[in-house]
Amino acid sequence: MKALAKLKKQPGIWIINDAPIPEYGYNDVLIKIKKTAICGTDLHIYNWDKWSQNTIPVPMITGHEFAGEVVAKGDGVTSVDIGDRVSGEGHLVCGQCRNCRAGKRHLCRKTIGIGVNVQGAFAEYLVMPAVNVFKIPDSISDDIASTFDPMGNAIHTALSFNLTGEDVLITGAGPIGLMVVKIARFCGARRIVITDINEYRLQMARDFGATVALNVAPFKNQDELVKQMRKVMSDIGMTEGFDVGLEMSGINSAISMMLDVMNHGGKLSLLGISAGDISVDWGAILFKGLTLKGIYGREMFETWYLMTSMLQAGMDMNPIITHRLHIDEFQKGFEIMKSGQCGKVILDWSS
């Protein structure tokens, strides 16, 4: 089968045409891939950064955001049928630890990821345990379903706390941050402010309903950044701090600024992964009585049900997809992702 694989311990990704079709077991399904989306994690692997060097076995078929069709299944599978349109939860868990047995599979200590630790979805076929497979409603397109993984991250982050009527600060306007703007607006947030240094994506955020999309690139230090943010808050009629902070960037200055402008009793969801150490103002957390929640992946499968229901109720995520390419144009897709001048990039695996 055709696949994209990390074949060498250096920047890049390579297409192969002779990868074996994976074998499926008693409780597995074999999925024919229709669409995949390129994730920031895939870009890290492509660039072969320090995290990738320490994490990714080589050779490895990568990718974990997908939509496809069930073409075969093990004898023990009763939850899906051949012909079903599906996506799937890319975190594989042990099923035996305390959290798994308590129904908190997203907190499994032994989580491994498809396309990171085991064969991924950048291939014509993928094998996945049936328990990880999620059927796609007819009203949802393959393109949108291929983004369920990052959309689930956005849903988990945004809906960890009530957003209705609240003032929300989002730091980081990558594709997941942009999804969060859509979610917060759909859920009735009062004011939504988002920060980034990428003007292309900030304009997308404005189009998606952000009250203010602030380019923080011009500000030379933390004091200038906080001063400008307080001016923004005043300009839009805020007399107190933000009620909810959604941190998507992993950038030290963004986190510090967020802590500075949160209201007393504010709540923060933290999804962004830092490339290095983060200095934290514990005084702000303590004296403001802030609540912090770390986010890793999606709640299985409550997050999936929530995002499906919201899409069916009219939340429009189609504008997040800015580029659609055939798999043979994968190199162009990765270059577009590297440029940052995009939302989600979808790869079509049809012949």
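Placement of Cβ uses the backbone N, Cα and C atoms for every residue, glycine included.
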Of ILE176, ILE320, ILE321, residue recorded by Swiss-Prot at the NAD(+) site of ASP196, ARG201, LEU271, GLY272, ILE273, ILE295, TYR296: ILE176
Env. residues of Zn(2+) 1 site, Cβ within 8 Å of mean position of CYS39, HIS64, GLU65 Cβ: THR36, ALA37, ILE38, THR41, ASP42, GLY63, PHE66, GLY90, GLY115, GLY120, ALA121, ASP149, PRO150
Rounded Cα separation (Å) that holds between GLY272 (NAD(+) binding site) and THR41 (active site, charge relay system): 12
Closest of CYS94, ILE273, TYR296 to GLU65 (Zn(2+) 1 binding site), Cα positions, binding-site residues only: TYR296
Additional residues surrounding Zn(2+) 2, by Cβ distance to the CYS94, CYS97, CYS100, CYS108 centre under 8 Å: VAL93, GLY95, GLN96, ARG98, ASN99, ARG101, ARG105, ARG109, LYS110, THR111
Cβ packing number for THR41 (active site, charge relay system), 10 Å threshold: 24
Conformational class of GLU65 (Zn(2+) 1 binding site) under the three-state DSSP mapping: strand
